[in-house]
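A.B. asks: Take a look at what TrEMBL says about it:
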| type | residues | note |
| --- | --- | --- |
| BINDING | Cys76, Asp78, His129, Cys132 | Zn(2+) binding site |
Amino acid sequence: MTDNIRYDDGDFLNAQISNPNDNPISDEYTANATWGRMLQGNARFACGGAEHPRQDKQTRESLIDGQHPDAAVLSCSDSRVPPEILFDQGLGDMFTVRTAGQILDDAVIGSLEYAVTNLGVSLLVVLGHEHCGAIGGVVAQLDIIADNAGIDLGAACAAEVTDSAIIDPVTLNENSGDSDADDVFDIMNDLVAASDSILVRSAGASILAAREARLCGTDDFERVHIARTIEALVNRSDILQQGLASQRLTIVGARYLLTTGEIEVLSF
Ligand SMILES: [Zn+2]
């Protein structure tokens, strides 16, 4: 599914399959409408005008016998980024799964598959955020791993880029063009893969992919991690693959900006 993910100019990726000629137009329409509603809610929240919709007694009672959320959201567990608040949504609107650094495991994937299969959500949002402590912690862990291995990650990251490599975390290994740096990243990827920490294995691989693309700032680490999380989700889940292929599901990536309260849209 990697053809559906692109990372151009550091601020855009697309994990959406779009074929308006296919039949489940209503699902695609629903996904667009849902995402638009969520972004409108975020605009209200960011400017201090949150309406806190559908959080009243009547809404609660209307949902006693079932839920029909339009969106699933996989986000970081960070206490500053609760999706329902920053999208100004209400009860029954969003099915949320949250882990530190929005990393994946079987429970996360199974929960999202449940949202798609049993609840019929047409939109899946993978939401990272600015100043992610989980990402920052893994950056520090990578520095320790590199130091212990006698590797200067900063120098590898700063290595001169040969020709105009396309910045694409999926295919970057083929484009980096620097064999010494490639060796360093091969070693680092092996060390990260052998870590006891699932956070280091997951976010660490994303950070290394970003560094290998000479994207060496925390903002880019966070963006690349969102892109790679979407890629991993699709690769690991037949249900999500089938949802995308049949136009019943749209996946978008986004990053919440703590400094402004706004959502940086990375896909869709
Ligand atoms: Zn975080």
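Quick reminder: no glycine exception, Cβ is built from N, Cα and C everywhere.
Curation plays no part in TrEMBL annotations; they are all automatic predictions.
Relative to the rest of the structure, where do these features sit?
C.D. replies: In sequence order, Cys76, Asp78, Gly101, Thr218, Glu222 make up the list of same-chain residues 6 or more apart from Cys132 (Zn(2+) binding site) whose Cβ falls under 8 Å from its Cβ. Cys132 (Zn(2+) binding site) carries neither a helix nor a strand DSSP state and counts as coil.
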A.B. asks: Taking only same-chain residues 6+ apart in sequence, whose CB is under 8 Å from that of His129 (Zn(2+) binding site), what do you get?
C.D. replies: Ser75, Cys76, Asp78, Arg80, Val81, Glu222, Arg255, Tyr256, Leu257, Leu258
A.B. asks: Other residues with Cβ within 8 Å of the Cβ centroid of Cys76, Asp78, His129, Cys132 at the Zn(2+) site?
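C.D. replies: Apart from Cys76, Asp78, His129, Cys132, the close residues are Ser75, Ser77, Arg80, Val81, Gly101, Gln102, Gly128, Glu130, His131, Gly133, Ala134, Ile135, Glu222, Tyr256.
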